[in-house]
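Chemist: Structure provided below as structure tokens; questions to follow.
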Amino acid sequence: MAERAALEELVRLQGERVRGLKQQKASAEQIEEEVAKLLKLKAQLGPDEGKQKFVLKTPKGTRDYSPRQMAIREKVFDVIISCFKRHGAEVIDTPVFELKETLTGKYGEDSKLIYDLKDQGGELLSLRYDLTVPFARYLAMNKLTNIKRYHIAKDFDIAGQFDPMIPDAECLKIMCEILSSLQIGDFLVKVNDRRILDGMFAICGVPDSKFRTICSSVDKLDKVSWEEVKNEMVGEKGLTPEVADHIGDYVQQHGGVSLVEQLLQDPKLSQNKQALEGLEDLKLLFEYLTLFGIADKISFDLSLARGLDYYTGVIYEAVLLQTPVRPGEEPLGVGSVAAGGRYDGLVGMFDPKGRKVPCVGLSIGVERIFSIVEQRLEALEEKVRTTETQVLVASAQKRLLEERLKLVSELWDAGIKAELLYKKNPKLLNQLQYCEEAGIPLVAIIGEQELKDGVIKLRSVASREEVDVRREDLVEEIKRRTSPALCIC
């Protein structure tokens, strides 16, 4: 250690010598010679063991959000939350991690995606994988049997014993309202029922023990071909080709209420109790969806399986549609943006007495929607405001910092979103340019004459029109000009 310290001191002194020669404008040959000595000393020193090199990056699967991205994100959240509130939902929150045993056995093949944490004082913990299982734990722990809630601007659930399909229909209505309001493109909501799937598997000859794993295979049909799904069922999961073909006859069908009615007449499927219950509920659901005016957005799709283990009834998934290349072709789904379903047995898994609380809900794919909105705005080269500042307090002459500080304080106290530049004597042109760059609609300009007259010059950045406003009327005038209903700034 002493030898290394001595060598480090020699490197420091040689470095100072090189810098001194450069300042003295010594000859290039002399500087070059001393630099060579410095490099030789550094080579002897070797890497600094005390410093660890690391890559500056976010963890895999995460990202930072810039002010522009957060402004877009907040607008998306505002649309979603306003819809949830319009439908009477309360808001709750739960920890970002749960006891590992709370999450274990609830997600089927997706369980491998759960992140485990180190032992925390005797408790094995995992990061929550979704918001549905923590919600079910919350209901059981607090002995709740009835609530309509939303969570982190993405999940909405209705818990309680109600008449069939009314809450389910409202969830689908909410999904359609949000996707329409966000204006991200044409979409289609696929619906199915786990009972129909299980009944179909049973009549096709799938062993009970393989229902969930075959369900997981069927759920891949929106991403890969039927042949690939069949190969997985036969090659990896042990079904016979005949059973797989029988499943294929069903899962490649999709349509509206007419398909529901057709399957109600199916000689095999209609004889299965589970499938019959699911089909009758879907028929009722389509009646309510027609009354809600969204039946044209819904497709009964027998390939929709939703891989999570906890679903027990109706399931649904919204996909964005890609415009067909050739006339007559069906629109193609280009990715899921929302999903959900009924899970009547999940709360009972946590209740000590096994009491069930029927639940149905939906989850909005905010990350995917955010990316779509961001790409659309970039394509349109649309400017996004990253602040909500209504007015900049500016000065037209020097030595008016105190007056600017007094005025901006008055505006803040009155609830006005206001800014000022952090310079004693900023140029008026610089202040106006800042407003244009930041999208601030108004400028409140103080000058010596304005102070004498007891007025503030209010300037519209867009039109460049200026008007003198009495100081006591300024707050109301700013509110009037920047209100959403009447933005005349």
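Each Cβ is built from the backbone N, Cα and C atoms, and glycine gets one as well.
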Chemist: Coiled coil per TrEMBL sits at which of 6-33, 34-61, 370-397?
Modeler: 370-397
Chemist: As a quick check of your reading of DSSP, tell me how many residues in the domain 'WHEP-TRS' (3-59) are helical, how many are strand and how many are coil.
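Modeler: Each residue of the domain 'WHEP-TRS' (3-59) counted once, the result is 39 helix, 0 strand, 18 coil.
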Chemist: Would you identify which of the binding-site residues D130, D157 has the most other C-beta atoms lying within 10 angstroms of its C-beta?
Modeler: D157
Chemist: For the recorded L-histidine site formed by D130, L131, T132, D157, R306, Y310, Y311, which further same-chain residues have Cβ atoms within 8 Å of the site's Cβ center?
Modeler: V133, L308, G340, G341, Y343, L346, G361, S363
Chemist: Determine which residues of the chain contact the coiled coil (370-397) at the Cβ level, with the cut-off under 8 Å and only residues 6 or more beyond its ends counted.
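Modeler: Distant Cβ neighbours of the coiled coil (370-397) are 67-73, 75-76, 182, 184-185, 320, 337, 403-404, 407-408, 411, 416-421, 425-426, 428, 431-432, 434-435, 438-448, 450, 457-458, 478, 482.
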Chemist: Any same-chain residues 6+ apart from Y310 (L-histidine binding site) with CB under 8 Å of its CB? Would you list them in sequence order, or say none?
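Modeler: Spatial neighbours, sequence-distant, of Y310 (L-histidine binding site): K106, Y107, T132, V133, A136, Y343, G345, L346.
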Chemist: Please find, for D130, L131, T132, D157, R306, Y310, Y311 as listed binding L-histidine, the greatest distance between any two Cα atoms, in Å.
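Modeler: Comparing all Cα pairs, the maximum is 17 Å.
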Chemist: Report, as a single number, how many Cβ atoms besides its own are within 10 Å of the Cβ of T132 (L-histidine binding site).
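Modeler: There are 25 of them.
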Chemist: Relative to the Cβ position of L131 (L-histidine binding site), how many further Cβ atoms are located within 10 Å?
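Modeler: Excluding its own Cβ, L131 (L-histidine binding site) sees 22 Cβ atoms within 10 Å.
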